[in-house]
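Database features (Swiss-Prot):
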BINDING   K48, R51, H80, R97  isopentenyl diphosphate binding site
BINDING   D87, D91  Mg(2+) 2 binding site
BINDING   D87, D91  Mg(2+) 1 binding site
BINDING   R96, K174, T175, Q208, N215, K225, K235  dimethylallyl diphosphate binding site
BINDING   D211  Mg(2+) 3 binding site
Amino acid sequence: MAQSVPPASSHGQLTVGEVGTSVNSVPYARHEEIIRAPLTYLLNLPGKDVRSKMIAAFNQWLKIPEDKLDVIKRIIMLLHNASLLLDDIQDSSKLRRGLPVSHSIFGIAQTINAANYAFFLAQQELPKLGDARAFEIFTEELLHLHRGQGMDIYWRDASICPTEEEYFTMVSNKTGGLFRLAVKLMQLASESDKDYVPLVNVLGVIFQIRDDYLNLQSGNYAKNKGFGEDLTEGKFSFPIIHSIRSNPANIQLSSILKQRTTDIDVKLFAVGYIESTGSFEHCRRKLVELTAEARAIMENIADGRSEDLESYACILLSKLILYNRLTYKVPAAQVIHGASGGYSTAPKPRILAQQIATVRAPHLQYAT
């Protein structure tokens, strides 16, 4: 879904002495177009717009004015896409939503600059909310976001497998940060005295675990970002953490992560191993558990009004969480024990072969 950033004006001209003092010029407008190009490219790629849908869902409770709601949506959209630009560089990603990543087109330096520019474009929107506390909340959550990203990168680059507790802290900072920022800004503009942050914290963790699961299990995800991209990145995702820690003596999976492999057969081996340790099933169980927790929080928010609960549960759970669709899994691997006490895995090929066919011969629809 194409989105837009606040436009630059294109009227008038500047003298040399006026440079930097006005945005009402043709050169300024052209320069803006150049500076924002990596961001604009990303915004024009088709997406699910999950965060805007989440904001709209929460606004059924918070009921803030439309003008302020639009400002908050713009802030979150800018920050989210800025973080994606940087993520793709930091993760050496090749695809985003099925098309080349921005830095493959515009270069790393220009893409970093566009991402940083977007952070400040978002900050520039804050005064429109009319509450000085917005800047403090904005700063706090961006610090959380960078702390989470920093630890995620550190574990990957140092080949250190975190505990699940450390993972949840990282996710709360990194993924939950923008969810939390949106809801906190909305609460500033709302007359409601209820705190929705506990709910959004749970939703952030659900969203990330689901994303980690789909990265290794979804054919559609493979088409859009590449099959098993987390394995190529060397990322300690939720199923990978569980799999490694389920049998620390077996170093096969941790060794594969260090290789940053793009080899499909090696990735298939890794996915089969993760399945053999029950780690995908662990993801599904954790998502059911977290969804029940989210549901309990919503019941408390709804104060027993069943019609409200069902309405919001439908929006927040059915459209955003979708845990009940995570029933697809890799066919059970055939485990072959070797003389050394280790083992190799041979996943049954049918469904995984369909995934690989998608990866090796993707049908890409180019954004216009």
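Numbering starts at 1 and runs along the chain as it is shown here.
Placement of Cβ uses the backbone N, Cα and C atoms for every residue, glycine included.
Feature annotations (Swiss-Prot) mapped to structure.
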{"residue": "R51", "record": "isopentenyl diphosphate binding site", "contacts (Cβ under 8 Å, 6+ apart)": "I76, M77, H80, L178, F179, A182"}
{"residue": "D87", "record": "Mg(2+) 2 binding site", "contacts (Cβ under 8 Å, 6+ apart)": "S93, Q149"}
{"residue": "D91", "record": "Mg(2+) 2 binding site", "contacts (Cβ under 8 Å, 6+ apart)": "E229, E233, K235"}
{"residue": "K174", "record": "dimethylallyl diphosphate binding site", "contacts (Cβ under 8 Å, 6+ apart)": "H144, L145, R147, G148, Q149, D152, Q208"}
{"residue": "T175", "record": "dimethylallyl diphosphate binding site", "contacts (Cβ under 8 Å, 6+ apart)": "G148, G204, V205, F207, Q208"}
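Same-chain residues that are not part of K48, R51, H80, R97 yet have a Cβ within 8 Å of the Cβ center of the isopentenyl diphosphate site turn out to be G47, D49, V50, N81, L84. Between the CA atoms of N215 (dimethylallyl diphosphate binding site) and R97 (isopentenyl diphosphate binding site) there is a gap of 13 Å. Rounded to the nearest whole angstrom, the C-alpha distance between D211 (Mg(2+) 3 binding site) and K48 (isopentenyl diphosphate binding site) is 13. In this structure the C-alpha atoms belonging to K48 (isopentenyl diphosphate binding site) and R96 (dimethylallyl diphosphate binding site) are separated by 13 Å.
In this view, the densest Cβ surroundings among the binding-site residues K48, R96, R97 belong to R96, judged by other Cβ atoms lying within 10 Å. Cβ neighbour count for H80 (isopentenyl diphosphate binding site) (all protein chains, 10 Å cutoff from its Cβ): 20.
In this entry, K48, R51, H80, R97 make up the residues listed for isopentenyl diphosphate, with the farthest two CA atoms of the set 16 Å from each other. Neighbour density for D211 (Mg(2+) 3 binding site): within 10 A of its CB lie 16 other CB atoms from the protein chains shown. If you draw a 10 Å sphere around the CB of Q208 (dimethylallyl diphosphate binding site), it holds 21 other CB atoms from the protein chains shown. Here the Cβ of N215 (dimethylallyl diphosphate binding site) has 23 other Cβ atoms within 10 Å, regardless of which shown protein chain they belong to.
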